[in-house]
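Chemist: What TrEMBL shows for this protein is this:
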- 31, 32, 33, 34, 35, 80, 81, 111, 134, 171, 286, 310: NAD(+) binding site (BINDING)
- 113: active site, N6-AMP-lysine intermediate (ACT_SITE)
- 404, 407, 422, 428: Zn(2+) binding site (BINDING)
- 588-666: domain 'BRCT' (DOMAIN)
Ligand SMILES: NC(=O)c1ccc[n+]([C@@H]2O[C@H](COP(=O)([O-])OP(=O)(O)OC[C@H]3O[C@@H](n4cnc5c(N)ncnc54)[C@H](O)[C@@H]3O)[C@@H](O)[C@H]2O)c1
Ligand SMILES: [Zn+2]
């Protein structure tokens, strides 16, 4: 192919991946494959400088600013890093440094390369005044209220160590534990899980509602200090000074006297890094002396005094043998690829999730395709790409089924939803089994000794039809079934009996109303106490409960409209399962807010949102979620939604600052 055309194609391809990665928080290919494309373009541009396009992605940081936030100009550009994947490229880097610095001695600081999003924190007179994304490197999004939810980033600094204005940079990330928790919730609510912690972090920091950001427990490690006055001589001193002043500096960095020590550091962390609470994708090597850094300078896109080394990513390729379609307890149909077994990062992989029909379409999967699979922060490995060049000429494309693979009901897909559903919930076997499995899990009714196989058997033999039927089981129910010892039968029955003591909040989760995960069930029980009250609650009463939105409220209403569900609840009730919870006596701190209702919005200096809610309740007030003319007060924190503010102003609702609120209490 003609070189110029090839280069233009690479530019287009890279721009396409950049757009998906930075704007949509999606990786369409692996980082390694992406970096290869970029390196190829770089090489071609070097060899054919006349063909290089002026806005080539080799010359600019890949991100952009968004329309959703105010954009601000960086005082110092936020650049990218050159990267290497092997020791020999790293030694080349060291040689370039040596050459540029002549006879001078130099040292490196090695740090882990944290896999999240770059953030910049601006301080003025000891106060955090802004938090900004990298954006296009020159301008970033002002996401101050979102970064303020990171607990470890100080909002004020009382120290003479720093000048009046300075900037700290770091990597904001979603801890793996938060990522897994969010995904467990999503899965238990029948929703598609997030792809990986990096993309989840990037999406989270760009949310409009900082109260949701706050719930996600975002964290950060800082790795750079910038300003017009720099109160130290080396990068290491900078890290120590930041740490001394309460900034979150990871203690994983190491000073290295030469490139061999750097390579040792890389080896030392190759395995150990997996024990950290966040993902890391490599290490960053930086010249320690700031004077030397200055002399080495920058290219348009990255510093010459630093480089990233990336660990080979945990990818494998294998052949796809078939696709099965699993029906979940809510009727959602998920495609799963059955693979020719392949070894990847310590385990043998035979299956990979494909998530939904969109993802299947994107991958354009054909029979016998060779696919790339990758293990990210997620539990189940996933297919990240297909090697279409290895496709057999007559291979048929995998088509998403139109009918339920288990019961043949026509599948439906609601507008705006990625998932297909089988709506035959009362007769579709995997849904029945799935609901029972959901019911007995530890977080729900915690019925031990009852495995998936036993449930399958009991359902298939027609002994039970739903979870409430478990309470009819007795020794005779197991007569004639193979493989049940007296002892195991009595263990099962004891566990079922014990589940009658499980508190209502867990039972409500176990009942398995769509979109009602464990946390939501807890909120509902705190608001309604008895299943009858929940059943009788109107849509308006439901959405008045904190965190209950339109979707959940409608789903609860729909659940109680179905006669079979009412019978199911009745049966649980007559079996003695807990369907109410004692109202906890709230000991009031004071009476100042009795009879008053509050909406709270935004982020607060002195309170976490939940603490603020608790404070209102403890003083006799009520917290509601939406603004109506009946509302008494709107407590406004930073970054509250403009729509809320407008509505409150229109309705003449009294708006309280945090200080006003505290004054009300006293
Ligand atoms: N898969 C895809 O489709 C796709 C698309 C675009 C970009 N990418 C990936 O994104 C990366 C390129 O983007 P980039 O410009 O963000 O560069 P980069 O991620 O390779 O390096 C720069 C970034 O590293 C981060 N970093 C983490 N720890 C650090 C530390 N200790 N010191 C300094 N910086 C640290 C900073 O956020 C900094 O902005 C590559 O890894 C590329 O593969 C992937
Ligand atoms: Zn079905």
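Yeah, the Cβs are placed from backbone N, Cα and C, and that goes for glycine too.
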Chemist: What whole-number Å value do you get for the CA-CA distance of residue 286 (NAD(+) binding site) and residue 422 (Zn(2+) binding site)?
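Modeler: Here the two Cα atoms lie 55 Å apart.
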Chemist: Measuring Cβ to any atom of ligand 2 with a strict under-6 Å cutoff, which of the binding-site residues 35, 286, 404, 407, 422, 428 qualify?
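Modeler: Going through 35, 286, 404, 407, 422, 428 in sequence order, those close to ligand 2 turn out to be 404, 407, 422, 428.
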Chemist: Using a 10 Å cut-off on CB atoms, tell me which of the binding-site residues 81, 404, 422 is the least crowded.
Modeler: 81
Chemist: Rounded to an integer, what is the Cα-Cα distance in Å between residue 33 (NAD(+) binding site) and residue 113 (active site, N6-AMP-lysine intermediate)?
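Modeler: Per the Cα atoms, residue 33 (NAD(+) binding site) and residue 113 (active site, N6-AMP-lysine intermediate) stand 18 Å apart.
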Chemist: Among 31, 32, 33, 34, 35, 80, 81, 111, 134, 171, 286, 310, the annotated NAD(+) contacts, find the widest CA pair distance and round it to a whole Å.
Modeler: 25
Chemist: Among the binding-site residues 31, 35, 81, 134, report those whose Cα falls within 10 Å of that of residue 404 (Zn(2+) binding site); none is a fine answer.
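Modeler: Those near residue 404 (Zn(2+) binding site) - Cα within 10 Å - do not exist; the answer is none.
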Chemist: Under 8 Å between C-beta atoms and at least six apart in sequence, can you list the same-chain neighbours of the residue listed as 'active site, N6-AMP-lysine intermediate', or say none if there are none?
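Modeler: Listed in sequence order: 280, 281, 282, 283, 284, 308, 309, 310.
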Chemist: Give me the Cα-Cα distance between residue 134 (NAD(+) binding site) and residue 407 (Zn(2+) binding site), rounded to a whole Å.
Modeler: 50
Chemist: Neighbour count first, Cβ atoms within 10 Å, every protein chain included; then name which of 33, 407, 428 tops the list of binding-site residues.
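Modeler: Checking each of 33, 407, 428, the winner is 428.
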Chemist: With DSSP as the yardstick, break the domain 'BRCT' (588-666) down into helix, strand and coil residue counts.
Modeler: 27 helix, 16 strand, 36 coil
Chemist: Find the one among the binding-site residues 31, 35, 81 whose C-alpha lies closest to that of residue 422 (Zn(2+) binding site).
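Modeler: Nearest candidate: 31.
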Chemist: Between residue 81 (NAD(+) binding site) and residue 407 (Zn(2+) binding site), find the distance joining the two CA atoms and give it rounded to the nearest Å.
Modeler: 53
Chemist: Any idea what DSSP makes of residue 286 (NAD(+) binding site), helix, strand or coil?
Modeler: strand
Chemist: Does any of 31, 35, 81, 422 have a Cβ within less than 6 Å of an atom of ligand 1? These are the binding-site residues; tell me which, or none.
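Modeler: With ligand 1 as the reference and 6 Å as the Cβ limit, the list reads 31, 35, 81.
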Chemist: What is the one among the binding-site residues 134, 286 whose Cβ has the most other Cβ atoms less than or equal to 10 Å away?
Modeler: 134
Chemist: To the nearest Å, how far is the Cα of residue 35 (NAD(+) binding site) from the Cα of residue 407 (Zn(2+) binding site)?
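Modeler: It is 46 Å, counting Cα to Cα.
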